[in-house]
Protein chains: 2
Amino acid sequence: MATRRIQRTEESRRLLVAAAAELFAEKGYRQTSFVDIADKAGISRGSIPWHFGNKLGLLQAVLDDQLHTVLTAFDEQAGDPLDQVMDFIRLPAARLFITLLAEAVEDGSPIREHYARLHAALRQGVQARIPAEALPAGTSAEAFTVLLVGAVIGVHAQWRVAPEAVDLDAVRTLLERMINV
Amino acid sequence: MATRRIQRTEESRRLLVAAAAELFAEKGYRQTSFVDIADKAGISRGSIPWHFGNKLGLLQAVLDDQLHTVLTAFDEQAGDPLDQVMDFIRLPAARLFITLLAEAVEDGSPIREHYARLHAALRQGVQARIPAEALPAGTSAEAFTVLLVGAVIGVHAQWRVAPEAVDLDAVRTLLERMINV
């Protein structure tokens with residue numbers, strides 16, 4: 001009985017995070033209400049505070065979930081990390097990062113620090129996988145990581161606006177050459 | 001008389017573009033009305049259609065204006081282009097690119113094609129200044145340009161969310177080493 005209740009609880013949490021991720025990507029964080037999320041997930045609205053405290057708690061769960069997906073790409077077992085990252089960019093859900101960024105940079109945005117933590121975790125994940133030999137002479141691992149994470153963010157932006165103008169496979173090849181010197 | 005009228009017309013156009021750029025960066029494109037823009041510029045609301053046709057025409061004027069500022073950085077006379085680009089990132093007005101991007105990637109967004117044109121012009125401007133020797137062997141100039149423009153977009157994003165975590169000077173040094181091989 002206890003096990004079944006835990007399963008149901010975890011399942012409803014998972015459904016709420018998935019619904020919130022879709023709605024945040026579609027309408028933004030601010031414009032999305034608990035009612036929207038509960039309706040989409042098919043779960044009672046009252047369970048959101050129970051799981052996540054408040055809307056920022058739910059956002060953090062969504063970002064953690066996305067981050068987990070990206071960082072899994074850097075696991076040794078997951079296959080080529082660059083392929084994983086390029087596949088991630090192509091997911092409809094990845095649009096979330098662009099939508100939320102606009103809100104994160106607003107003055108006094110409550111989601112800025114959550115976003116800063118996400119970027120920091122991404123940089124940490126990438127930096128752990130960069131061989132020291134890949135660094136151009138006289139540059140720091142930190143700068144190289146900011147540049148690589150930045151390149152992925154900015155290539156994603158260009159591709160999402162005009163997919164026909166951005167050859168993701170060619171960019172992948174170039175990134176590979178930059179990292180595997 | 002005619003000359004004075006032209007001056008006044010150009011001045012009012014300039015004021016409207018500046019006011020729109022600020023408001024789009026602050027509130028987004030969709031949330032900004034002609035009334036907001038006219039009030040901020042101190043110019044009658046009726047002159048907006050006269051100058052720009054409609055709101056998309058005004059957006060195009062704003063993007064052209066920003067593009068002009070960025071591309072000026074690549075003029076031989078303007079000093080080091082990397083310094084110019086890094087200075088541009090630091091301008092409060094550069095936030096506009098992040099705010100508008102979120103709207104440009106929405107389904108059926110009217111501003112997507114304007115944004116695509118902006119990115120294409122940026123890539124063209126950068127590509128014209130990249131020496132052939134800078135290209136890593138076996139990679140195309142197109143991919144290298146997408147990556148460089150992407151890096152600037154994504155470094156800007158990370159810096160705006162958490163300026164204390166991103167050393168723009170170190171990134172500048174790294175970009176310089178990548179271009180001046």
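Yeah, the Cβs are placed from backbone N, Cα and C, and that goes for glycine too.
In TrEMBL, annotation is done automatically, which means it is predicted and not curated.
Among the features that TrEMBL reports, DNA-binding region is placed at B:33-52. The domain 'HTH tetR-type' annotation in TrEMBL covers B:10-70.
Model confidence over the domain 'HTH tetR-type' (B:10-70) stands at 91, taken as the mean pLDDT rounded to a whole number. According to DSSP, the secondary structure content of the DNA-binding region (B:33-52) in residues is 14 helix, 0 strand, 6 coil.
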